[in-house]
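> My questions will all concern the structure given below.
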Amino acid sequence: MTKKHYICSNCGNISPKWSGQCFDCGVWGSIVEEIISTNQVIVKVGSKQDFDKLSGHVTEQLRIPTPIGEFNRVLGGGLVLGSAILIGGDPGIGKSTLLLQLAASNFASKMNCLYITGEESLDQIKLRAIRLNLTNYNTDILAATNLENIIASIEANKNNIDLIVIDSIQTITTKELSSPPGTVSQIRTCANELVNYAKQNNIIILLSCHVTKDGQLAGPKILEHLVDTVLYFEGDHNNHFRILRSYKNRFGGVGEIGVFEMSGSGLIEVTNPSELFLMQREQNVIGTSIFAGIEGSRPLLMEVQALMVPSNMVTPRRSAVGWDANRLSMILAVLSSRIGLNLANYEVYLSIAGGLKIADPASDLAVTASLISAATGNPVPEHSVFFGEISLSGEIRKTAKAETRIKEAVKLGFNKIICSKFENLTYDFISSVSHLKDLKEIIK
């Protein structure tokens, strides 16, 4: 008799019967059926393993730089032998392009790369390589979806393989399970087998993975725990910018970003994203300001845009693109309570130019400056940048890495820095503010 249980695709919790909501993580509609294989052999006897000392010899983790500098930045300097990297993103965002550019670049002359696709045929891969001008390098390619066949093919050539690309993990299946491709059990089992094999043989493995409509990696949450590094490819299909961001990295920092521009010949690195994001900006535009932000260790200048429209609705709309909508509501409440700027009868729209997403609390001051400018009809001072966190009392608080933010702004020609007076900076071009009342006086 076939046995089955039910597993949550969000957290991996297993339950004996189906329910509409996971009792462990509370997510609705995440419970899926999983067939338990009845021919598994349970081995109860283990083998002894030797202990090691925490103070014992450490094998140095050598980094292998790739030809893609922005990719190296996100990883923390390059690839580490035996590491497993998961790259997620919407379909068509550029994951396959990035992986093919990596595997079929001059990197392939130093490392033996194998590109395995379960989504395309070999001819389709070759045609894409021709379009991206990547046919000069002798990279091995394989079109396969069966896990056992893939591992057997790698095993036969493992002495000539240093890096494996799997595009994508959702298409790989194992004969041990009867469930269809892309299910929780298939993804978990196949990913676990591939990652373990790669680590045992000191091979670098890169797995691509689709994301759900909520922006989460498709498949079980355990997939993120199996790998050493989790990267997300962010961007809008209507925008040519792409952001590669690290969310987990055992060999480097978290939150680092790499910026790319999608072109007809593939992904192009953007080494100075601040200049590119501000290239088409006009001066003295009402409702816009420049935020001096930090993404990982990289300073980045971004344009914040605000628009207000009179509304007859009982509850006017508040919309934020690239920024937290709840934080926008908080800032509007502080403006109303602390400086008497009542926006209850206005629709408020906020957008971060270039398709970027900001989570830095230091963006509060730039957002508030744009809102005050849009509400009063007065532009912010020319050639000015803003950074600072706003408290519920309306005070402007100091932020991390102020010097780094200022240097990036000065490098791009901005000569007026508006930040908290608690930064204790003595530059002549700094206008210190301690409260929202001071900011309102500047924008008039």
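The backbone N, Cα and C atoms fix where each Cβ goes, and this holds for glycine too.
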> Select from 63-67, 93-97, 238-242, 248-252 the stretch of residues annotated by Swiss-Prot as motif 'RadA KNRFG motif'.
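Of the candidate stretches, Swiss-Prot labels 248-252 as motif 'RadA KNRFG motif'.
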> Counting across all protein chains present, how many other Cβ atoms fall within 10 Å of the Cβ of Asp90 (ATP binding site)?
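Other Cβ atoms found within 10 Å: 18.
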> DSSP three-state call for Gly92 (ATP binding site): helix, strand or coil?
coil
